[in-house]
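Participant: Positions annotated as compositional bias 'Low complexity' by Swiss-Prot: 22-48. The N-linked glycosylation site annotation in Swiss-Prot covers ASN114, ASN271, ASN422. Under the heading region 'Disordered', Swiss-Prot lists 1-58. Residues or ranges marked as topological domain 'Cytoplasmic' in Swiss-Prot (evidence: a curator's inference): 1-84, 154-158, 206-230, 347-362, 449-464. According to Swiss-Prot, the topological domain 'Extracellular' annotation covers 106-132, 180-184, 252-271, 316-325, 384-427, 486-529, on the basis of a curator's inference. If you look up Swiss-Prot, you'll see 85-105, 133-153, 159-179, 185-205, 231-251, 272-292, 295-315, 326-346, 363-383, 428-448, 465-485 marked as transmembrane segment, on the strength of sequence analysis.
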Amino acid sequence: MSQQYSYGGGGGAGYPPPQMQPPNSYAQANYQGQPQGAQNQYYNGQQPHHNAPQQYYGNDYKQPLKPEGFEGERLQPKPKFRDPIFLVLFLLVFAGFIALSVICLRSYSNADVNVSIGRANVAGSTLNGHTAIMFMICCAVALVLSFVYILLVRTFPKIILEATLLLTTLSNVAFCVYLWVRGNTAAAIIFTIFAVLSVIAYFFMRKRIPLAKLILVTVIRTAEQYKSVYVVALGGLIVETAFSAWTSWVVVAAYQRFEPSGQAAGSSSSNASIIGIMVFIVFAYYWISEVIKNIAFTTVAGIFGVAYYNANKVANAAWGAFRRSMTYSLGSICFGSLIVAILDLLRALFNILQSQAASDGDMTGQILACVAGCCVSCIQGLVDYFNRYAYINIALYGNGYITAAKETWALLKDRGIDAIINDSLVNIVFNCGAFIIGLLTALFAFIYEQLTNPRYLQNDAGYYSIVLLVAFGLGFNIALSVGAGSIASGVSTYFVALAEDPYILQGKNPELFEMIRQQYPQVVQGVNH
């Protein structure tokens, strides 16, 4: 009778822990993979008939993602709260955001500020209920566009890959041309370099599209088997949308309550107060939004981990992954999200400084702010890239954030998967899609404001930048939560699982395994410690 292995939230026959030694070399033409007995061990659930297991990684028998001191099974770690300090800090910030919301919204409600949908010439000299309702409609628009986009990705993966890669390159070139036409020399020089690099990258990455398409289709098929992937992504999207709408009202109410010209202004209203309040709101929004997205990401990563390591479908995989993300691993998620939130805040600050320097005609300040903003953006990109695989480690083992990041990064480098990740086009699909949806949402906001022509825009056209920036941010965040929370999460999880045990993929999808072996032969070689 075959032995069963369960790495998920329920029963079912799975694959035994990897303990075999991969072959050291492969013939290009007649490669057959593992010995038949080893494949039977994996795919029929049979134990090997030798006295001692072969060593798979190094001189110990620990699984490659398994950190030092790990206790428990894969996807079923020993219950222990990780990084509790950051969980406490997050709860304090969240409580502060709730308290500020109550204060602002109560004052806003008591002041009886005019609220209307589509009404022209709305009274008031600052953002008001008209703006908040418009932001809520923007959230609904972004929600619909996100569903349409993910449906297109599921239906036309190759076309979407081709189109997004081309659009990304063309948008970089177009933005560069726009900066030169506008006379923004400092930013134009920097983005010219980016545009040239993007054109070079386009021709280099285009030949990787067949592999990216195959990976994308494989993950989508897995998601069809575990439909809870879409349920979790939808749940995260709804929570993200609701929180974005909540924040929209808080932003408007804060302006009305703390700006001297607001209709609900009190004794504590001042320019300094509104600046401090808005900094806190923006920071809290970034952090809480990141936590929401990363909870969904970690949960979906756990589901895909269960799917990869188990031969049969596992029941309650989503609930087990979600429970761990919301309890023992929440502190680690808050830790990683805090780093990104701080970088988001710094990037927004440098963008404001650059705009102010441009309006003042300060070329030196504009250049410095632009360079600083670009540096922060680059660092943020690296952190985002790093965090994805740390969260996957957390999903698989419930590890602490720092240890998870170090363990996963070391494994990815040693297994050669970093080459695949760098060449992967899948993330471009969802990043580009989120950017396009953000632009369309901002365009909707612009048309809406043009048609309604509220009074605060008549008094100060500078509010257009605030409205469009918030609308773009809402659309971008909502769309990104869909892509990063479902298919892209599965792609990243499969990369990590492939690094740990590529032979499971060989049995489940020989075509994908063979393509990866041909382009990245180091992936199916043993790890040297």
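Each residue, glycine too, has its Cβ placed from N, Cα and C.
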Participant: Grab the same-chain neighbours of the transmembrane segment (159-179) for me: Cβ-Cβ under 8 Å, and only residues 6 or more beyond its ends, written as numbers and ranges.
Facilitator: 152-153, 187-188, 191-192, 194-195, 198-199, 201-202, 205-206, 209, 212-213, 216, 425-426, 428-429, 432-433, 435-436
Participant: Can the transmembrane segment (85-105) be said to touch the transmembrane segment (363-383) if we require at least 3 CB pairs below 8 Å and skip pairs under 6 apart in sequence?
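Facilitator: As far as Cβ distances go (cut-off 8 Å, pairs 6 or more apart), the transmembrane segment (85-105) and the transmembrane segment (363-383) do not touch.
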Participant: At an 8 Å Cβ cut-off, counting only pairs 6 or more apart in sequence, do the transmembrane segment (363-383) and the transmembrane segment (185-205) clear the bar of 3 or more pairs?
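Facilitator: Between the transmembrane segment (185-205) and the transmembrane segment (363-383), which are separate recorded stretches, there is contact, as judged by 3 or more close Cβ pairs.
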Participant: Taking residues 6+ outside the topological domain 'Extracellular' (180-184), which of them lie with a CB under 8 Å of any CB in it?
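Facilitator: Counting only partners 6 or more residues beyond its ends, the topological domain 'Extracellular' (180-184) has Cβ contacts under 8 Å with 192, 358, 366.
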Participant: So if I exclude everything within five residues of the ends of the topological domain 'Cytoplasmic' (154-158), which remaining residues of that chain have a CB under 8 angstroms from its CBs? That is, six or more out.
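Facilitator: The answer is 209, 213, 216-217, 220.
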Participant: May I ask for the residues of the chain that lie six or more residues beyond the transmembrane segment (465-485) and have a Cβ under 8 Å from a Cβ within it?
Facilitator: 127, 131, 134-135, 138-139, 141-143, 145-147, 149-150, 153, 232-233, 236-237, 240-241, 244, 248, 251, 289, 292-293, 296-297, 300, 355, 429-431, 433-435, 437-442, 444-446, 449
Participant: Pairs of Cβ atoms less than 8 Å apart decide it: which stretch in 133-153, 231-251, 326-346, 428-448 has the most with the transmembrane segment (295-315)?
Facilitator: 231-251
Participant: Within 10 Å of the Cβ of ASN271 (N-linked glycosylation site), how many other Cβ atoms can you find? Include all protein chains, please.
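Facilitator: If we count other Cβ atoms within 10 Å of ASN271 (N-linked glycosylation site), we arrive at 10.
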Participant: Could you give the number of helix, strand and coil residues in the topological domain 'Cytoplasmic' (347-362) as assigned by DSSP?
Facilitator: 14 helix, 0 strand, 2 coil
